[in-house]
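**Q** Would you mind keeping the following structure in view while I ask a few things?
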Amino acid sequence: MTTPANAQNASKTWELSLYELHRTPQEAIMDGTEIAVSPRSLHSELMCPICLDMLKNTMTTKECLHRFCSDCIVTALRSGNKECPTCRKKLVSKRSLRPDPNFDALISKIYPSREEYEAHQDRVLIRLSRLHNQQALSSSIEEGLRMQAMHRAQRVRRPMPGSDQTTTMSGGEGEPGEGEGDGEDISSDSAPDSAPGPAPKRPRGGGAGGSSVGTGGGAAGGACGGAGSEDSGDRGGTLGGGTLGPPSPPGAPSPPEPGGEIELVFRPHPLLVEKGEYCQTRYVKTTGNATVDHLSKYLALRIALERRQQQETVEPGGPGGGASDTGGPDGGGGERGVSGGGEGPEEPALPSLEGVSEKQYTIYIAPGGGAFTTLNGSLTLELVNEKFWKVSRPLELCYAPTKDPK
């Protein structure tokens, strides 16, 4: 059966789409106009699909006209895969390929320094292989851990600002009668240095009170020693027996060595402490196993000692002394002394340290600048730092007098 001629012509007719029927044809460039094209935009055209590098000794397939590097396509055919890597068209052998020197000339025109480009690629690969391997990663991790440990040790040993005025508050660890304490050390920069260790008695000159609350004892002894009173030195030595914690029973094991030191800033509570009251920011450095009760009692002792020092400074002299050196405006005698010698009236009682307790002050913390949280007295500072603070700067605590200490 023969097919009509018009049917054969109709099968060879190219049917145009609606877009192709209405689009405007582009005008051919007939003059010497040049168009700038970046080499990066030609990268996909100049790249071998097998090695993904620039074509070298280009070979073109005769069937599908795809281009490959000569070494790449020959290796692919020898591996037994007799088809085009791009379109899977049948390739019998190397006879299905032909060299394409025109394309090589085009590449050499675009990249005249091909050897320099390849040398640069080799240097980049060598550098990557040297830096990006398991050994380099391990050495980098070890170096980072070593640097972190070194900086952490420096941060622990770094002195606080004003460390030349730092004093140590420590409980004695010797015989039970010499000085009782837990062994924690708390430093504050609000008074001059004092040597740690209790002293049974101080000379009349006062000096620094070697005590667990060394700053207060020393200041009180020094203030009263200037007036020549014998009992001021005794008080300076007696204050040296103050401790931060309950006394250790005889024969009890010594406390463990502190695991680390913690720096903290002690501020008065901005809401609960009135501006007229005694309030002072304190910078303290202590061991991590000190508890909140230790800080409360330390604070109560310090404030009591400093108030006692203030009272002794305002009212100098002592029982049995001579004429007071604090004369009135009219040249008369002092407030407590009797001019002409003789025994003066009894000195007013100074604030007692026997009733000092950790219940007198409450410690607060404001994690993240939020609401204030009351700290339990049994919490250690290390636990407080891990639970509430979690930042790499000194722990900030607030204190306020307890409303109903019991």
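Backbone N, Cα and C atoms are what each Cβ position is placed from, and that goes for glycine too.
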**Q** Given 165-168, 201-204, 285-288, 309-312, which one carries Swiss-Prot's motif 'Nuclear localization signal' label?
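**A** Here Swiss-Prot associates motif 'Nuclear localization signal' with the stretch 201-204.
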**Q** Out of SER38, SER140, which of the modified residues has the smallest number of neighbouring Cβ atoms within 10 Å?
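**A** Fewest other Cβ atoms within 10 Å, among the modified residues SER38, SER140, is found for SER38.
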**Q** Between the Cα atoms of SER38 (phosphoserine) and SER140 (phosphoserine), what distance do you get, rounded to the nearest Å?
**A** 39
